[in-house]
Amino acid sequence: MSLLVPLAMFGWIPVILCLYAVLRPRLATGIAFAAGWCFLPMAAYELPGLPDYSKMFATSAGALLGLAAFHPATLMRFRFGWIDLPILVWCVCPMFSSLTNGLGAYDGLAATVHQTILWGLPYFIGRTVYRKPEHLVPLAVAVLMCGIVYAPLCLWEARMSPQLHLQVFGFRQHVFGQSVRFGGYRPMVFMQHGLQVALWIASCFVLAFAGWRCGGIRRWRGYPVWPVVIALGVTLVMCRSLGAWTLAFAAVAGLYWVNLRRAVWPLVLLTLLVPGYMFARSTGLFSGRSLVRFVAEVISEDKADSLEFRLENEEMLIAKAWQRPVFGWGGWGRNRVQDDEGNDLSVTDGLWIIVFGTNGLVGLSALYGMLILGPIRMIRRCHPKQLKANPEMAIALGVAVVCVINAIDSLPNAMVIPVFTMATGAVTSASLVRKTKRRTVPGVVQATAETNHVWPHAHSTSQPTR
């Protein structure tokens with residue numbers, strides 16, 4: 001491990017404080033979360049009584065300190081509302097899971113602190129900093145900036161193999177063998193896995209497409225937008241992830257329908273896929289066998305075998321979870337399936353099945369209520385006919401859709417990108433605004449039926465609800 005690892009990890013908080021000292025809090029928060037997750041090493045240091053000091057921990061802690069030091073009024077504006085009940089339940093649920101399984105109050109308290117820092121803190125920061133739809137513009141800019149920088153790194157690794165993390169930080173973050181896909185290499189760059197990189201690029205691509213197509217944003221600060229959309233699309237293809245391709249295609253198709261037919265119901269249906277899948281799988285209404293046959297016929301036998309393996313393990317874990325359905329089995333791997341000799345027989349892939357087994361239906365409902373409630377409210381309140389007249393609403397719609405596809409990805413995978421946990425809190429706040437009047441985004445050149453023109457800056461008069 002290189003000396004650069006501790007230098008980057010422990011030097012990141014001072015960098016974040018500098019960002020908050022010189023930038024507005026919305027842009028500083030977006031850059032801190034996006035750049036931290038994209039470029040810090042996949043390393044962790046044990047902390048007594050706290051979650052491991054990882055790049056997510058460093059970013060969340062640094063952002064909270066930066067807000068408290070330089071923008072305390074932003075923190076003081078937060079008002080707890082009914083829409084925050086899911087994240088509250090999700091954060092305290094481990095206490096009840098531990099108590100009902102005889103693991104003790106100390107174990108429950110430790111698990112609650114862990115869950116609060118990993119999930120509650122990013123959500124709270126997003127919920128506090130971004131309060132209106134137009135506030136999501138700096139967040140989108142920060143995400144796209146990091147996505148644009150990531151694109152050439154991904155293309156380099158797609159050609160030369162995933163080596164950057166090893167070359168820069170001195171160790172591999174994951175098994176190299178899983179990087180070989182579709183006759184080439186799946187880039188990992190500085191993230192946990194190639195699937196996570198593919199999801200990140202897919203999210204950036206969808207966000208850029210939403211602003212370009214739905215918002216009619218043709219130029220940003222004098223630069224054309226379409227090359228960014230194309231570059232991210234090409235990078236997504238080179239990430240060699242069928243799941244990320246599918247999610248990006250579904251999201252782009254939904255956004256295109258919004259632009260073409262002036263209706264958001266396809267995006268609403270896409271969001272409802274999350275609870276629909278969990279309900280159908282947990283109750284046995286959907287076995288997945290038809291999907292396996294479809295994949296075998298259309299894609300490949302190898303992909304079908306992989307999917308079938310996932311579904312079989314999921315069924316074992318579902319049966320185990322139903323033995324303690326309310327608060328689950330608690331931690332320490334008690335949710336997994338073992339034989340009489342204690343050998344582990346199961347493989348847990350999806351976040352939803354891990355949560356179902358660990359924290360039961362209460363935890364599962366709370367987590368996914370938090371993940372989809374704000375985004376679906378934002379999607380429903382976006383009037384398709386007004387998106388090009390209000391480009392900031394198109395960007396807000398794009399952020400909401402990106403949060404949705406990340407929630408969908410958590411069904412087969414458990415590779416959460418904390419940037420979008422924070423973005424979920426941001427979208428939740430923005431969805432509570434009663435009304436947004438016609439407003440422009442500074443520096444945007446928008447396409448209209450008559451001409452292209454630069455819109456001047458204007459202030460919004462929208463008011464948030466309490």
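The backbone N, Cα and C atoms fix where each Cβ goes, glycine too.
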Among ranges 74-93, 414-433, whichever one TrEMBL labels transmembrane segment: 414-433
Residue numbers, six or more beyond the limits of the transmembrane segment (393-408), whose CB comes under 8 Å of its CB atoms: 133-134, 136-137, 139-140, 199, 202-203, 206-211, 214-217, 247-248, 250-251, 254-255, 258, 267, 270-271, 273-274, 368, 371-372, 374-376, 378-379, 382-383, 386-387, 416-417, 420, 423-424, 426-427, 430-431, 436, 441
Positions whose Cβ lies under 8 angstroms from the transmembrane segment (225-256), at least six residues beyond its ends: 144, 147-148, 150-151, 154-155, 158, 181-182, 184-187, 194-195, 197-199, 201-202, 204-206, 208-214, 217-219, 266-267, 270, 299, 303, 397-398, 401-402, 404-405, 408-409, 412-413
Stretch in 30-47, 53-70, 136-156, 263-280, 414-433 most in contact with the transmembrane segment (6-23), if contact is a CB pair under 8 A: 53-70
Same-chain residue ranges lying at least 6 outside the transmembrane segment (263-280) that approach it to Cβ under 8 Å: 250-251, 253-255, 257, 286, 352, 356, 364, 368, 371-372, 375-376, 379-380, 382, 384, 397, 401, 404-405, 407-408, 411
Residues of the parent chain within Cβ reach of the transmembrane segment (136-156), under 8 Å, 6 or more residues beyond its termini: 24, 26-27, 29-31, 33-35, 38-39, 130, 164, 187, 189, 197, 200-201, 203-205, 207-208, 211, 228, 231-232, 234-235, 238-239, 392, 395-396, 398-399, 419, 423, 426-427, 430, 441
